[in-house]
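Engineer: Take this structure, written in structure tokens, and hold onto it; I'll ask about it next.
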Amino acid sequence: MSSTQHNLVQRRKVTKLKALKNFNNETAITTTTTMIAVNRSTDYKNERFQRCQEGNKLEHLVDTSRKTAFTSASASSKAYSTLATVAAAALCNGNITAFVNCCRDVNCRLETTVCGCQPFYDIQRDSWSKESSTVCSNNCSSSCLADYQSQPQQQQHPGLEDENYQEPTESGIRSTSIRGSENSTTFSQLQQEKFVLQLQLDLFSWVLFLIAFCTRFYRLNMPRDVVFDELHYGKFISHYVRHIFFFDQHPPLGKQLIATFVSGLDYNGNFTSTRIGSHYSQTVPIFWLRFVPALFGSLLPSAVYHLLHESGISRWCSLLGGLLVIFDNALLTQSRFILMESMLLLFGVLGLCMLLKFQKTSFSKPVWIFYGIAAASLLTCAVCVKYVGFLTYCLAGYLVIKHLWDLLYDATISNLQICLQTVVQFIIFTVLPLCLYLFVFYIHLQTLYRAGPHDSVMTSAFQASLEGGLASITKGQPLKIAHGSQITLRHTHGRTCWLHSHTHVYPLRYIDRRGSSHQQQVTCYSFKDVNNWWIVKRPERDDLVVENEPDIIRHGDIIQLVHGITSRALNSHDVAAPMTPQCQEVSCYIDYDVNMKGELLWRVDILNKESEGSIWHAIKSEVRLIHVSTGAALRFTGRQLPEWGFNQHEVAGDRVKDNKDAIWNVEEHRYTKDQDEHEREQQLLKAEMLPTKPTKLTFFQKFLELQAKMFWHGPQIQSHMYSSEPLEWPLLTKGIAYWLDTKSNGQIYLLGNILIWYTGSIAVLIYAVLGLFYILRKQRLCYDIDFQEWQRFLTIGHIYFVGYLMHYLPFFFVERTLFLHHYLPAFLFKLLLLCYVVEHIDYLFRRYCGRLWWMVRLYRLLVLLWLMTIVAIYIRFLPISYGLKKLTADEIIKLRWKDTWDFVLQRDTLLH
């Protein structure tokens with residue numbers, strides 16, 4: 001340190017000591033207020049200017065001076081000169097600022113510029129700053145300013161990095177670290193090497209990848225049995241290879257990637273397994289089916305490392321994050337089988353990493369648009385793997401909006417540039433993801449053009465558009481509905497079922513003692529049955545035969561529907577429905593010779609007549625049947641009838657007509673040719689009929705129908721012995737049995753590294769408590785950490801703490817069966833937050849125990865021991881993560897650290 005700098009340090013320290021002695025001096029208060037508190041009646045008066053000025057890092061010095069009144073008129077001239085220097089360099093927009101970045105504000109009234117020539121002493125941090133030196137006069141050369149602006153911004157708080165930064169102390173220079181200094185390159189060097197391609201390899205990143213690759217690919221083809229949801233995903237992939245349509249609640253991208261990979265290996269899609277634990281045949285390339293998830297799982301630790309480093313965390317703590325991902329048993333297990341979570345997590349992490357690069361890059365650089373497109377694409381891919389990826393996309397949307405909001409405070413950016421950035425980012429993060437999402441489903445629907453076992457979930461029109469589907473078994477079916485048409489009416493939206501009746505009647509009284517009409521039951525039946533047939537009849541005609549010139553039914557026509565087997569007409573009246581009393585009963589009318597006449601007339605309302613025409617067509621026309629007497633619409637209520645109704649679903653008349661459950665379409669159709677009732681019944685019993693030719697649906701018609709089914713008609717698992725609640729996830733209360741060896745106790749059990757999960761949960765609480773503590777202290781004008789560390793604390797919170805809450809809290813409102821693997825995205829954010837908490841505590845030790853270096857070293861030793869314990873636990877539970885070792889009952893019991901972990905033991909083993 002030069003003598004001048006050293007003297008300056010000593011003078012300012014003496015000044016502060018003298019200032020404290022004059023706490024009650026009223027003259028000091030007046031002098032200080034006159035000198036540095038001009039136009040400062042409230043804190044943060046000009047927030048916009050303060051946000052855009054890095055130099056405002058000294059503002060709490062002014063607030064502290066107001067609170068402690070540490071300067072007085074009778075103080076030494078050194079104190080006056082020190083504060084006068086601060087005041088003289090400031091007064092931009094009426095605010096006190098530091099020595100740096102004064103002239104970045106376009107509204108600055110001093111017209112000063114900033115040099116980056118020499119370091120200066122920062123009073124707030126009591127350390128030397130390398131950001132800038134002094135405020136130049138108006139004749140400061142432009143080259144000086146350019147040199148300052150071209151200098152890389154250095155990190156003001158050393159962490160656990162490996163780069164060195166020289167910080168002056170009383171005894172000399174102390175070596176600490178500044179991240180990123182090795183990346184600085186002068187303009188002249190770039191000019192000389194502009195035709196030279198430089199390749200930089202991050203050693204930490206590659207080491208993480210290699211370790212993860214070894215752990216994920218170790219004996220990947222074992223066990224050669226179906227493990228957990230491989231039963232479903234394996235079938236879906238085989239359907240992709242064979243172009244057979246299937247229905248899944250989740251988007252198709254993950255399955256597309258695996259199917260694309262294995263289709264190049266001459267895999268014929270022969271997947272015949274029917275239960276978990278069944279053995280794969282030799283024709284199934286199980287190693288290559290598991291290859292893509294394992295590869296994504298191997299890349300995840302390196303991606304986590306880069307995300308942590310990009311968010312401002314040191315390389316060593318970023319390395320720690322990658323190691324924690326490697327040594328978590330749950331992430332290991334989930335990456336080794338035909339499951340989607342490894343792809344979901346990798347796309348989400350890479351998308352956030354690209355988003356942070358995007359926000360740090362200047363708008364004028366071409367790479368800015370590249371990072372934005374990459375971030376939007378990767379985040380959309382996460383959504384296209386599983387819909388839980390939408391939570392990650394919401395987090396990214398929050399960060400984008402926050403970034404745009406912060407730009408409003410930067411006076412160096414013009415209004416036009418802010419508007420332009422907003423429009424471009426709206427296109428990148430809204431239009432582009434939507435196009436990519438549509439493209440994924442376009443590939444999905446174009447690939448799966450053949451009929452398959454899941455066709456019945458879709459509407460008749462969708463089935464008829466598939467090759468070999470509904471159209472292949474409905475040849476010769478007439479298109480137009482007419483008087484005498486024999487039809488089956490299918491519930492169009494929601495649950496797949498057909499309007500049905502049988503000879504059984506409603507009970508005289510229901511269990512709640514309400515009475516019924518005792519008429520013939522009408523239900524909605526989920527299976528094809530001869531009792532699903534109905535005959536369309538004009539009210540004024542007695543015959544049911546279709547003539548040579550069919551009497552076509554059109555929109556608004558009044559008809560009767562006669563049950564094909566019992567020949568009783570569809571009826572409704574003002575009697576409460578059995579399961580939905582607010583609706584009216586629907587039945588087939590039986591004349592009991594009592595004072596209850598049949599109300600048998602129904603009006604046909606064609607809802608899509610604009611596109612399909614006013615003629616009632618089979619398959620395509622969506623109709624609503626309105627009861628003429630009461631105005632109620634024929635509706636599927638979704639309620640299940642008790643045993644007297646054979647557990648079929650209730651059909652009722654609802655006067656609220658605008659309901660999707662009141663929409664029906666004709667699926668099977670033929671014309672009645674015989675007037676004799678007995679002959680007609682025999683024809684119905686023997687007939688199998690439907691459309692004349694395949695229907696043609698546009699991509700958007702099929703896409704919208706598929707989306708509606710995915711959101712509202714997904715299969716629901718009512719209960720499962722390994723299901724769990726969100727409150728049980730943070731402390732790893734319950735796992736999932738994935739696979740069991742039938743010859744031994746060898747098994748695969750989804751269970752995380754308990755030490756990582758517990759310390760991660762504690763880290764979330766520590767961060768929340770520290771954040772609340774810092775905010776409360778800041779309100780009291782007490783600054784426990786420096787400005788830059790506070791900014792980093794907030795940035796980490798916006799990304800990881802908010803990300804954890806956004807991925808965890810929504811599951812408390814999900815009404816479906818949940819499992820531990822649903823928590824993995826939230827767990828990953830908890831792990832990322834844990835890495836920052838470890839580094840932040842290290843920062844606090846260095847800040848407040850800097851002279852007691854043994855305490856800092858002790859803390860780092862404890863972190864190292866903690867990591868070694870994590871590795872030991874990881875190794876301890878490897879047998880149930882890989883499932884390769886035959887375990888005895890005693891070994892299984894020793895692994896049962898919590899009573900709620902339901903490991904599986906073979907019965908014959910227990911007997912011994």
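Using the three backbone atoms N, Cα and C, a Cβ is placed for every residue, glycine included.
All annotation found in TrEMBL is predicted automatically rather than curated by experts.
Model, not experiment: these values are computed from the prediction.
Quick paste from TrEMBL:
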COMPBIAS  166-180  compositional bias 'Polar residues'
DOMAIN    478-539  domain 'MIR'
DOMAIN    550-607  domain 'MIR'
DOMAIN    613-669  domain 'MIR'
REGION    155-180  region 'Disordered'
TRANSMEM  195-214  transmembrane segment
TRANSMEM  287-307  transmembrane segment
TRANSMEM  313-331  transmembrane segment
TRANSMEM  338-358  transmembrane segment
TRANSMEM  370-401  transmembrane segment
TRANSMEM  422-445  transmembrane segment
TRANSMEM  755-776  transmembrane segment
TRANSMEM  797-814  transmembrane segment
TRANSMEM  820-838  transmembrane segment
TRANSMEM  858-877  transmembrane segment
Engineer: Establish whether the number of Cβ pairs under 8 Å between the transmembrane segment (797-814) and the transmembrane segment (370-401) reaches at least three, counting only pairs separated by 6 or more residues.
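Structural biologist: Counting Cβ pairs under 8 Å (6 or more apart in sequence), the transmembrane segment (797-814) reaches the transmembrane segment (370-401), since there are 3 or more.
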Engineer: Are the transmembrane segment (313-331) and the transmembrane segment (858-877) close, by which I mean at least 3 Cβ pairs under 8 Å that are 6+ residues apart in sequence?
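Structural biologist: Judged by the Cβ rule, the two regions touch, with the required three close pairs present.
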Engineer: What residues in the same chain, six or more past the boundaries of the transmembrane segment (287-307), come closer than 8 Å to it by Cβ-Cβ distance?
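Structural biologist: Same-chain contacts beyond the ends: 202, 204-206, 208-209, 211-213, 216-217, 220-221, 234, 237, 257-258, 261-262, 265, 267, 318-319, 321-323, 325-326, 331-332, 334-340, 342-343, 345-346, 349-350, 352-353, 356, 828, 831-832.
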Engineer: Is it true that the transmembrane segment (820-838) and the transmembrane segment (195-214) have 3 or more Cβ pairs under 8 Å, skipping pairs fewer than 6 apart in sequence?
Structural biologist: no
Engineer: So what's near the transmembrane segment (338-358) in sequence-distant terms, Cβ-Cβ under 8 Å and 6+ beyond its ends?
Structural biologist: 227-230, 233-234, 237, 250, 253-255, 257-258, 289-290, 292-294, 296-297, 299-300, 303-304, 306-307, 310-311, 331, 368, 371-372, 374-379, 381-382, 385-386, 388-389, 392, 395-396, 399-400, 799, 821, 824-825, 828
Engineer: I'd like to know the mean pLDDT over the domain 'MIR' (550-607).
Structural biologist: 89
